[in-house]
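What follows is a short report on a single structure.
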Protein chains: 4
Amino acid sequence: MQSWIEDIHARARTRLGQGRVASYIPALAQQDPERLGIAVSTNAGELYTAGDAETPFSIQSIAKVLLLTLALRTHGETLWQRVGLNPSGMPFNSLAQLEAEQGKPRNPFINAGAIVVTDRLVSAFATPPKHLQDVARRLSGNASILIDDRVLASEWQHRSRNAAAAYLMKAFGNLDNEVDEVLHTYFSCCALAMSCIDLAVALNFLAADGHARAMGERFVSPGLTRRINAIMTTCGMYDAAGDFAYRVGLPAKSGVGGGIVAVVPGRMTICAWSPALDGNGNSVAAQHALELFAEELAPLGVSMPLR
Amino acid sequence: MQSWIEDIHARARTRLGQGRVASYIPALAQQDPERLGIAVSTNAGELYTAGDAETPFSIQSIAKVLLLTLALRTHGETLWQRVGLNPSGMPFNSLAQLEAEQGKPRNPFINAGAIVVTDRLVSAFATPPKHLQDVARRLSGNASILIDDRVLASEWQHRSRNAAAAYLMKAFGNLDNEVDEVLHTYFSCCALAMSCIDLAVALNFLAADGHARAMGERFVSPGLTRRINAIMTTCGMYDAAGDFAYRVGLPAKSGVGGGIVAVVPGRMTICAWSPALDGNGNSVAAQHALELFAEELAPLGVSMPLR
Amino acid sequence: MQSWIEDIHARARTRLGQGRVASYIPALAQQDPERLGIAVSTNAGELYTAGDAETPFSIQSIAKVLLLTLALRTHGETLWQRVGLNPSGMPFNSLAQLEAEQGKPRNPFINAGAIVVTDRLVSAFATPPKHLQDVARRLSGNASILIDDRVLASEWQHRSRNAAAAYLMKAFGNLDNEVDEVLHTYFSCCALAMSCIDLAVALNFLAADGHARAMGERFVSPGLTRRINAIMTTCGMYDAAGDFAYRVGLPAKSGVGGGIVAVVPGRMTICAWSPALDGNGNSVAAQHALELFAEELAPLGVSMPLR
Amino acid sequence: MQSWIEDIHARARTRLGQGRVASYIPALAQQDPERLGIAVSTNAGELYTAGDAETPFSIQSIAKVLLLTLALRTHGETLWQRVGLNPSGMPFNSLAQLEAEQGKPRNPFINAGAIVVTDRLVSAFATPPKHLQDVARRLSGNASILIDDRVLASEWQHRSRNAAAAYLMKAFGNLDNEVDEVLHTYFSCCALAMSCIDLAVALNFLAADGHARAMGERFVSPGLTRRINAIMTTCGMYDAAGDFAYRVGLPAKSGVGGGIVAVVPGRMTICAWSPALDGNGNSVAAQHALELFAEELAPLGVSMPLR
């Protein structure tokens, strides 16, 4: 398996040079587009890596999986009164749909949805950013994970569009806390710096019926795990969820930091990272790595969702 | 398994009385809301049924799976130049998105998308409606399957909204043939009258890596099968694809005639039918049957997509 | 006044070469962009002309003023149950707004609105196209006015977008007659070939409290005249009604044939024509002629709306 | 004329009891729906009043006329790089259109447009709210005009929707100053408490070719006056500009405080006020007073725009 991951890494490297690093905040624009890391964390506890698998990067929208999981733990199915769970069909930061649908975001993986989810956590925890950092450390077993203050400050400075969405939801009564506090918490979680290894391990509970190995305990129920995987399948890849399901067929979530985490239920998680993005905001090389991974998984006899 | 299906049927019957029969065309409005049928067709060739499994009903949007499969067979991946494969996030007959996106429908399972797909078949076959009926007969092994002329006439008479979508696509150059001929072919396929047994058998190739048992041959490649299943997962249940993936977790396609077909890749297909629909246009009792089916499948050790 | 009009003509000629002739139908694409005509018809019966004032051109959307006037004559204020009278803020052929507002067009000067208005006339008259041609002849006092069959045939062949709007309204129950007949009548009226003189004289009733001089009788009431002028002011210049009110300040209606008719209530009508259009579909040189006309009207002591 | 205004007042009183007082902020919800005031200020300096003409009320969106006038004075035609001047066709606080058009509001009389206009004033003046209060005092000749701090605080507390619009424009780079400061200035101007007399006198410059009698000087040029009147005609009555032009035919601007100011160019201004609003946010009784006023103006030989 190690050589297989290395082979995928070598083939995915051919895509380096394609796409563009996210530039909407200066802190992300400085990333090196030549980096490519892969980490696989199996349910049995093995770890396979290739390339820059230990380099921390800004997890950005992958944070939405953490936020959703925590909010479902604290609020259960009542969360769905605040946010939908169907694909949006609109860009991830669109306000038109949010306005037409009375401030209820389509799903928890568009920005507005994640902000509402964060609002629930702000209501539930004393110091939400610290709590999120703590959860990330415990799930990954890496106590040195930090919120990147430079990224956080940059997000805050360029918060206008997210602030517009948050105030619009506030206007519709779908945000209980102050916009500024909710955004600060949301940006803090997006600014977590984690490596491919950190993420593959931390989200392995999605492949392992909810069991978080690094914590040595069940983090969520098997049913909840399946449901989060379902939302990742239909809504996890920005506007390209359908394309990705068609080509790769695994539940996945990507972030504009260049990371993508995918789940092989019952078997393993994989995290690939490379900063240059395609027009949908998904990493070009990381997507290709996942495509190669999925192609070869089936003949190995691994049962895959949608394949 | 037979008693299991019968048990699901009995429990799903409790939902009869909920929802409303489709009323947009008179021919459908006269259906009996008390009917409920279930048929399971396994890859091994077994058939299990309960209730009204032999009663032909109007397959309506389930036809979109047939149309898509045939168009992918004749045109291959070039089909995606005409139609997208991402969820639409809009009602299945919305024109706003179609206009904003220059006449290219979001996916082949919204009406506009199926009309474009039909246009490709009109270009490819001499007598498209007859060809579609013939394919339905061969896939299901039932030579008596017919296009219901009364439903077809009713669809034609109430074609205004579909005609609006078709002319809009024609205006953008995304329809090669005359609107009237394309609509006639599209309505003919939707007006096919098939039973739960017919549909479960006919679409079993989606569970069997493309092998169509009734035809005794491979109908499509395994890769194509997986891709069609992926589109069913992300776009198959009208506006409720996300909800359905969250609750049931199987690739599925429903029609306003009250039928829903779902796929357990590698194992079987199931078709449930009951005419009364929820607000999204999906059969209330048939959905519930599939939910019960999925819940009990997992503990039986059946590997399921997203579960 | 004659020399004044000639001076305006000379100055407006400097804009020839700017803009582009309408190309959506071949019949219009062949117009000579170097033509420029102006005609002024005063309430006292004088006629002042310059340039190509006698050349017939396709009146296109200017027909919407005729259609609206006739429909208000036959149906009175009940017409407003079918069509609104507020600006649309969307391109003149947008379907998104029409869909969002349940098939009721924003105003009678967008295409969908004029099609609904035409539907009212199809219900009211035995041979609507002939009736419209007859009215144009009587209002202008020119018995040789004709519907241009070549333009009509070209409109029909490229009817897809208008057909989409018509079918969408039909789907919402806002069209009583068959789409094909309504469109044919609508295109016939748009295909009327009239000169600047014909149009300035024909629409002089809008400046003369409803009195149609060429007919020798009151065509509509003074109140109705004021109301039609109000709609021309807020909705007459496609998406640029506000710009035009800001710069020119007269009720006006333009057509993609390059003609624009403006009204100086109580005094006169002016028609300017030149085929090359700006991005909003309004003639560049004709607009400039009207701007010069309005600028010099005020100091002459002429009381002008909005000036 | 005095008895004529009194007669209009008496007839418009019959509409009291219709409509509802604005309730989006508590401070406005407490207004007495039975109040009705009218004031006419002629270019000759006469003042005619009836009913509650001296009671100060919250001018709300009528402030947009003041803001626009000041911004055109300070920035001239370059203002139009920031805001359009065409009707929006959408509710006055819609974000969808603002998003689709890259953060450039349709016109200065929707909220987003007035916020951009305010941003220009924040850049131009040291203490913008004080400056606006000062201009209102000088234009009306009433040195006791105040910003209502209770209304201002209430607007600020319920700022979410306007904040959403402001942040969206900020995201598109169309706001130079901080959102909080711009909103505070905007709300301050909306919270000016002025009477019918104050407003009729203050805006009389729009009827008098730009001459502000109370200031004893020309406030803006005649051309600018005509242009502001043109925008009031096409965009001044929220979503009902077309209806109002059709029924009344005068440039006008209304506010949710229940006031409406209308202009008879070359002759006079009229301000009517009554707190209960129709579904478009325009005062029911004040609108009716203006309708009666316009109906009787024409036969008196007064030349009216659009009539």
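Any Cβ shown, glycine's included, is placed from N, Cα and C.
What TrEMBL says about a protein is an automatic prediction, not a curated fact.
Residues annotated as substrate binding site in TrEMBL: A:Ser61, A:Asn111, A:Glu155, A:Asn162, A:Tyr186, A:Tyr238, A:Val256. Its Cβ taken as reference, A:Asn111 (substrate binding site) is surrounded by 21 other Cβ atoms within 10 Å in the chains shown.
Largest Cα to Cα distance within the recorded substrate binders A:Ser61, A:Asn111, A:Glu155, A:Asn162, A:Tyr186, A:Tyr238, A:Val256: about 19 Å as a whole number. Most Cβ neighbours within 10 Å, among the binding-site residues A:Tyr186, A:Tyr238: A:Tyr186 holds that distinction in the structure as shown.
Reduced to three states, the DSSP call for A:Tyr186 (substrate binding site) is helix. A:Val256 (substrate binding site) falls within neither a helix nor a strand when secondary structure is assigned with DSSP, and so counts as coil.
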